[in-house]
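Here is what Swiss-Prot records for this protein:
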DISULFID  Cys57-Cys94  disulfide bond
DISULFID  Cys63-Cys87  disulfide bond
DISULFID  Cys73-Cys92  disulfide bond
DISULFID  Cys77-Cys93  disulfide bond
SIGNAL    1-24  signal peptide
Amino acid sequence: MANTPKTLIAFVFSVIVIISYVHCHTTIASAPSSGEPTTYATGPALSKHSHDNDGICFVTPACFAPGQYEIGCIVYCHESHYKHYKCVNRSCCCYNTDKNASELK
């Protein structure tokens, strides 16, 4: 098989697209571990967003620069069956748990 310029350009373009897709869709939030401070989300910062204020907060790099990397907080809260999320200071707060989480899986 001859390596024509069209084949090489198509291959390089494909590699660039795959790398950029993977790079743009990574998350940096990790699940809270026993070493990280975890608190219950009952503070006044969340009261205007939730009536129940049932949830957890944990420190994560996803909320160090709010607006840029909040996708990690969103993904973690969604996969943990919380309805809402919010970055409060440097913490990701997930709250208002889905009552029928067992039915979602």
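Heads up, the Cβ atoms here are built off N, Cα and C, so glycines get one too.
Taking the features listed in Swiss-Prot, we show where each one sits on the structure.
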{"residue": "Cys57", "record": "disulfide bond", "CB count, 10 Å": "26"}
{"residue": "Cys63", "record": "disulfide bond", "CB count, 10 Å": "25"}
{"residue": "Cys73", "record": "disulfide bond", "CB count, 10 Å": "25"}
{"residue": "Cys77", "record": "disulfide bond", "CB count, 10 Å": "23"}
{"residue": "Cys87", "record": "disulfide bond", "CB count, 10 Å": "21"}
{"residue": "Cys92", "record": "disulfide bond", "CB count, 10 Å": "26"}
{"residue": "Cys93", "record": "disulfide bond", "CB count, 10 Å": "28"}
{"residue": "Cys94", "record": "disulfide bond", "CB count, 10 Å": "25"}
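Cys87 (disulfide bond) sits 8 Å from Cys73 (disulfide bond), taking the Cα positions as reference. DSSP assigns Cys93 (disulfide bond) to a strand in the three-state reduction. Note: the Cα of Cys73 (disulfide bond) and the Cα of Cys63 (disulfide bond) are spaced 7 Å from each other. Rounded to the nearest whole angstrom, the C-alpha distance between Cys94 (disulfide bond) and Cys77 (disulfide bond) is 5. Comparing Cys93 (disulfide bond) with Cys57 (disulfide bond), their Cα atoms are 4 Å apart once rounded. The disulfide-bonded residues shown are Cys57, Cys77, Cys92; of these, the one with its CA atom nearest the CA of Cys63 (disulfide bond) is Cys92.
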